[in-house]
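Database features, via Swiss-Prot:
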| type | residues | note |
| --- | --- | --- |
| TRANSMEM | 3-23 | transmembrane segment |
| TRANSMEM | 27-47 | transmembrane segment |
| TRANSMEM | 48-68 | transmembrane segment |
| TRANSMEM | 75-95 | transmembrane segment |
| TRANSMEM | 99-119 | transmembrane segment |
| TRANSMEM | 125-145 | transmembrane segment |
| TRANSMEM | 146-166 | transmembrane segment |
| TRANSMEM | 180-200 | transmembrane segment |
| TRANSMEM | 204-224 | transmembrane segment |
| TRANSMEM | 319-339 | transmembrane segment |
Amino acid sequence: MDLLNVVYIINFILLLLAAITDIKERIIPHKYTIAMIIINLVVGYYYFGFNAIIAFFSTLILCLILSIGMGGGDVKLFTALAPIFAYPNSFVFYIPKYILYLIAISMFIAAVFPMYKILMRYWKDIIPSACYLTMMLGILYYFINIYEIPYASIIIWAYIVLSIFVSRKVPKYKEYTKKLGYLFPAYLLFLYIIDTTYFIKYNVLLTSIIYLCEIILISIVIYALTGVETSDKKHIEELKEGDILRDVIIIDKDGVEVKNLNIMKRIKFLLEHEIKENEKEIILTDGEGLSNEDIRKIKKLYMEGKIPDKLNVIKTYPFVPFVVIGYVIVLMLMKLAII
């Protein structure tokens, strides 16, 4: 086993230790990142020469950009790993392609996991309603193919998105779509009986399953946008650096207001705040979460009796475990010469 493979194993161990700490304490100790940087720069330079230095600094710049919407400690791990992936002819805009794969895979897994949690929590609503919408989609497409109606697909998909939004706001409509969704198998059987040629020619069963999966995915995204992030009430005294508030705290001369806003409402609020050039001070967290200064302000407001003793904090998931999984996948794909 050569030195580079030994270093890959050492990095895996360090990432694993960082992941365990991230799960337990939601922090990434600097000692792991610093150890990786020192080891990887030395070994990377030994194997790849100046390419390792280029890889390090170009990835650092990329990670500084990424850290605007993510935790800085998380993305620094990509920078630390860059020198040992600086293979010749593997650079894309001065960044090793293996690091880009690692970032993409890690972020993909990190995005899929909370979506899976939403599906597990709301599957009794999402799946029957998605079956109803797939059935409606199939029926409408049947007539579109017969009469060749132009631009109908755009209208149909707009209806699907609108229907999901409405079902989130109107409980009776949601129950209506859920009940009709149970007719989905009967719809497939009925279509097969009345027009077997069409059913086979357009492979209706397979396309229906694909459409069903697409609509379920759209539903999960809309559920997330309309406020099903998992959140917990947290006492002011228990707030920590990095916590992401679901609440927005608005401070002006007339008093303090705490608003519990979902993603869509937060975006709308920020746009209105910027357009109106509002001079009100706001405490609103991004991917970095609360800073120590934010926590001091919140505690001061609490001591003055201006805000409640508990705030809504979005439940987040440690990112480093996803990096570990991505790291293993990238190494396996490299060794198998797939990437």
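Just so you know, glycine gets a Cβ as well, placed from its N, Cα and C.
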Requested in this report: Using a Cβ cut-off of under 8 Å, list the residues of the same chain at least 6 residues beyond the transmembrane segment (319-339) that approach it.
Outcome: 8, 11-12, 15-16, 18-19, 22-23, 28, 70-71, 74, 77-78, 81, 97-98, 101-103, 105-107, 109-110, 113
Query raised in the report: Can at least 3 Cβ pairs under 8 A be found between the transmembrane segment (99-119) and the transmembrane segment (180-200), with each pair 6 or more apart in sequence?
Result: no
Query raised in the report: the transmembrane segment (146-166): which same-chain residues, six or more beyond its ends, come within Cβ distance under 8 Å?
Result: 129, 133, 136-137, 140, 173, 177, 215, 218-219, 222, 226
Requested in this report: Please work out which recorded stretch in 3-23, 75-95, 180-200, 204-224 has the most C-beta pairs separated by under 8 angstroms from the transmembrane segment (125-145)?
Outcome: 180-200
Query - For the transmembrane segment (75-95), sequence-distant contacts whose Cβ falls under 8 Å of one of its Cβ atoms, 6 or more beyond its ends - result: 4, 7-8, 11, 15, 18, 28, 33, 36-37, 40-41, 43-45, 47-48, 51-56, 58-60, 62-63, 66-67, 102-103, 320, 323, 327
Query raised in the report: Which bits of the chain, at least 6 residues beyond where the transmembrane segment (48-68) starts or stops, bring a Cβ under 8 A of a Cβ in it?
Result: 37, 40-41, 75-76, 78-79, 82-88, 91, 93-96, 99, 103, 286-288
Query raised in the report: In terms of Cβ proximity under 8 Å, which residues at least six beyond the ends of the transmembrane segment (180-200) contact it?
Result: 127-132, 134-135, 138-139, 142, 145, 208
